[in-house]
Structures are given as structure tokens and as C-alpha cells.
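Contents: one structure, followed by commentary.
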Amino acid sequence: MEVSRPYVNTVDVIDFGIDKRFFRLPVSGILAQEGITPNGPQIAIINALEDPRHRFVTACVSRRVGKSFIAYTLGFLKLLEPNVKVLVVAPNYSLANIGWSQIRGLIKKYGLQTERENAKDKEIELANGSLFKLASAAQADSAVGRSYDFIIFDEAAISDVGGDAFRVQLRPTLDKPNSKALFISTPRGGNWFKEFYAYGFDDTLPNWVSIHGTYRDNPRADLNDIEEARRTVSKNYFRQEYEADFSVFEGQIFDTFNAIDHVKDLKGMRHFFKDDEAFETLLGIDVGYRDPTAVLTIKYHYDTDTYYVLEEYQQAEKTTAQHAAYIQHCIDRYKVDRIFVDSAAAQFRQDLAYEHEIASAPAKKSVLDGLACLQALFQQGKIIVDASCSSLIHALQNYKWDFQEGEEKLSREKPRHDANSHLCDALRYGIYSISRGK
């Protein structure tokens with residue numbers, strides 16, 4: 001287990017005193033009443049929330065540790081205080097119903113009187129004036145208009161829009177003194193949840209704290225069940241769900257890419273790339289308007305059969321003339337031999353040719369074959385990305401297969417169209433259009 005702030009106790013639940021702690025009622029009381037003996041990650045979550053130095057707690061914790069269980073228990077404890085508002089944000093309807101049932105079960109178990117219960121809007125108002133609300137990250141607007149004391153993001157990383165939902169809609173609702181937010185999840189690669197997790201290690205953000213735990217930190221975990229899962233699920237899924245590993249995730253397209261092997265500082269190799277006879281220089285272009293237009297400059301080395309990505313460009317809502325100016329810059333700087341553009345962007349190619357005298361060819365379009373080609377090249381170490389191409393690196397790490405609407409089932413028929421698509425498409429257009437087996 002790892003905690004970003006070393007002073008956070010992971011062995012014993014600490015009482016910070018009624019004047020300083022977050023929960024007015026002692027956490028030890030609800031733990032004893034419920035017969036809960038918390039494990040290390042659960043203790044860390046409790047103490048991190050109780051500590052007045054923290055407002056935002058990010059817990060990247062694997063399955064079989066009880067992160068959601070302890071979070072909902074703490075949310076219920078907060079509701080026992082008068083005139084408190086607790087919001088739980090869930091990524092989908094299924095998880096929302098689980099949380100709703102857990103809170104309702106605790107309210108019923110302790111015989112709390114309710115003034116209002118709205119199953120449709122997922123709201124419960126208690127007789128003490130406290131309110132529990134459950135919302136989805138995709139519809140965070142439904143939760144604004146109130147000031148919350150405690151916001152819990154359950155399985156936060158599952159929703160791609162959770163980060164924006166918090167930054168734009170929900171963080172302004174934490175305007176009460178000592179209001180806090182808890183983000184709990186298994187990871188999903190390098191999305192916004194990883195960014196929030198990194199905040200806890202930033203010394204300039206002392207009110208953030210991060211916790212990492214796996215099934216090994218739960219002494220009550222069934223190791224036989226864990227080993228059966230290891231044998232029956234994919235390697236990436238096991239590392240994601242049971243190791244809480246940010247570096248891989250189920251559905252990751254370029255799981256053969258890793259920054260250690262495939263990202264290099266190529267600035268010191270300029271003399272190497274100046275040998276025009278040894279290289280072919282390519283541009284791969286994915287065209288968009290509201291979506292960004294992405295351009296990658298790629299050097300293909302004949303002798304080693306290796307592709308070097310030297311420069312990236314990604315701009316939205318620009319004119320063809322503005323994109324053409326950048327493309328001409330690349331042509332002049334890198335002596336570009338061939339330009340491959342999304343075959344669906346015929347008008348863009350025509351405008352480049354007739355208005356800017358830039359010739360291009362339609363890229364090979366087969367998506368699955370092109371992705372398989374790139375996967376194999378990464379596996380063979382045949383694609384190297386310059387360290388300055390930070391957006392491409394992020395895209396490669398987070399590009400994933402699409403999910404069917406409302407399901408966890410992956411579709412491997414097509415990639416998900418999101419912010420990671422554009423540079424990955426440009427890479428595919430540039431490389432697959434000249435690759436082996438053409």
C-alpha cells in the first residue's frame with residue numbers, strides 16, 4: 001500500500017477531536033456498530049478524510065478491498081449530522097442502484113425517519129434536515145444548485161467525463177467550510193482519475209492526498225478466488241482490477257506500447273535524421289473541424305525498418321489555410337516525401353492541392369488491419385516517439401475499444417471515438433499506408 005502523505009496512519013483509526021475531524025460523530029462508533037474491522041486502505045481513507053489538512057482524497061484501490069463499502073458507510077455517517085448534504089456520483093445506472101440500495105438499507109436498519117424519498121431523482125431527505133442524492137457523472141447538472149458537505153465519486157475512473165463534471169459543475173458546490181470530496185476507483189489507464197491521483201503527490205497541493213492499495217492489503221481476501229481470477233481473466237484485466245495498475249487497462253488498444261521502450265528524446269539524433277538517403281519522411285493527417293485536425297511527422301528508416309515520430313500537431317476549429325501553413329512548414333523543415341490523409345477527407349485533399357499546391361494521397365482505410373499493424377510494430381520495437389509528442393503519448397496509452405451503450409462488454413469491431421482518436425488515426429494513416437504487407 002502507498003499513501004502520498006506519509007503522516008497518514010494506515011494501522012489505526014485516529015480521532016482528531018470533535019473540533020478538527022470531518023465526521024462530527026466518531027467513525028469508531030459506526031465501525032463497531034456494523035462490526036467492521038477496517039483494513040489498511042480503508043483506515044487510510046478514513047484518516048485522510050478526518051485530517052483537517054485534506055479536502056480531496058483519491059483512492060486507487062483494487063477489487064476485494066471494500067472501497068465502495070467503506071465510502072457508503074462514511075457517507076451514511078455524515079448524513080446522521082443535521083442539515084448535511086451528501087452527493088454520490090456513480091458512472092452508470094447499475095452502480096447507482098447498488099449505492100442507492102446500500103444507503104436505503106442503512107437508513108431502514110437504524111430506523112431513521114425520512115421526510116421525502118424520490119426514487120426517480122435518487123434523493124432522500126431525512127427528518128434531521130440532511131439530504132442524500134445520487135447522480136451520474138454524465139448528468140452532473142442534475143446535482144448543481146446545492147452546497148454539499150461531502151461528495152463521493154464511486155468507481156470514478158469508469159466515466160470519461162467525471163473529471164470535467166467535478167471541475168466544472170461540482171467543485172463549486174463544495175463551498176461550505178470543511179466540505180470534502182472522495183474519489184474511489186480501480187484505474188482505467190491514464191484518464192482524469194490518474195491526474196487526480198497525481199495531485200496527491202504534488203507538494204504544491206497539500207489539501208490533496210492519494211492512496212493506492214491492492215487485494216494484498218486486505219487480510220480477509222480469498223486468495224484462492226484471486227488465483228482463479230488470475231487464471232481466467234486477461235492479463236490486462238487482472239492488473240487493472242486486482243493490482244490497481246494505471247499502466248494497462250482492459251480494452252486498451254495499444255497494450256504493446258509503453259513509454260519506457262517506445263519514447264525517446266530524439267533531439268540529440270538530428271544528425272542521424274539528416275541523411276535523406278536513409279529515410280523516407282511521411283505525414284499522417286486526420287482531418288476534423290470541431291474535432292481537431294491531427295498531423296504527425298514520421299521518419300521511416302529503411303535499414304532498421306523503424307518509424308520515428310518527430311513532431312505532433314493537433315488543432316481544432318482552424319481553417320484549411322491555417323492547417324496548410326503548418327503542413328508546408330513540415331515539408332520545408334523535414335523534406336517530406338509523402339503525405340497521407342484520411343480517405344474520407346476528399347475536399348480537404350482537393351483544397352490542399354488546388355489552393356496551396358500540396359499534394360497528398362488517400363490513406364489506407366482498413367481500421368482493424370491498420371491497428372493490428374501498429375500493435376505488431378510496437379511489440380517489435382519498430383515505432384519510436386519523440387518525448388516532445390506528449391499528446392500522442394497520452395493518446396496511445398488511453399486509446400481503447402468501444403463499449404456497447406450501457407454495458408461493460410467490449411466491442412473489438414471499432415475503437416472508441418474520443419479525444420485520443422485523432423493522433424492515433426494520424427499515426428495509422430502515416431505508417432500503415434506504406435507498411436509491410438501492403
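Every residue, even glycine, has its Cβ placed from backbone N, Cα and C.
These figures come from a predicted structure and were not determined experimentally.
In Swiss-Prot this protein carries:
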- 62-68: motif 'Walker A motif' (MOTIF)
- 150-155: motif 'Walker B motif' (MOTIF)
- Glu155: active site, for ATPase activity (ACT_SITE)
- Asp286, Asp342: Mg(2+) 2 binding site (BINDING)
- Asp286, Asp418: Mg(2+) 1 binding site (BINDING)
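Sequence features annotated in Swiss-Prot and their locations in the structure.
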residue	record	CB count, 10 Å
Glu155	active site, for ATPase activity	23
Asp286	Mg(2+) 2 binding site	26
Asp342	Mg(2+) 2 binding site	23
Asp418	Mg(2+) 1 binding site	15
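Asp342 (Mg(2+) 2 binding site) sits 36 Å from the residue listed as 'active site, for ATPase activity', counting Cα to Cα. Across the fold, the C-alpha of the residue listed as 'active site, for ATPase activity' and the C-alpha of Asp286 (Mg(2+) 2 binding site) stand 33 Å from each other.
Helix first, then strand, then coil: DSSP counts for the motif 'Walker B motif' (150-155) stand at 0 helix, 4 strand, 2 coil. Sequence-distant neighbours of the motif 'Walker A motif' (62-68) (same chain, 6+ residues past either end, Cβ-Cβ under 8 Å): 39, 41-42, 45, 98-99, 154-155, 184-186, 213-215, 217-218, 221-222, 225-226, 241-244.
Long-range Cβ contacts of the motif 'Walker B motif' (150-155) within its own chain (Cβ-Cβ under 8 Å, at least 6 residues beyond either end) map to 22, 68, 71-72, 74-75, 78, 84-91, 95, 99, 137, 162, 166, 170, 173-174, 179-186. Cα spacing between Asp418 (Mg(2+) 1 binding site) and Asp286 (Mg(2+) 2 binding site): 13 Å, rounded to the nearest whole number. Over the motif 'Walker B motif' (150-155), the average per-residue pLDDT in this prediction is 97. Secondary structure by DSSP for the motif 'Walker A motif' (62-68): 2 helix, 0 strand, 5 coil.
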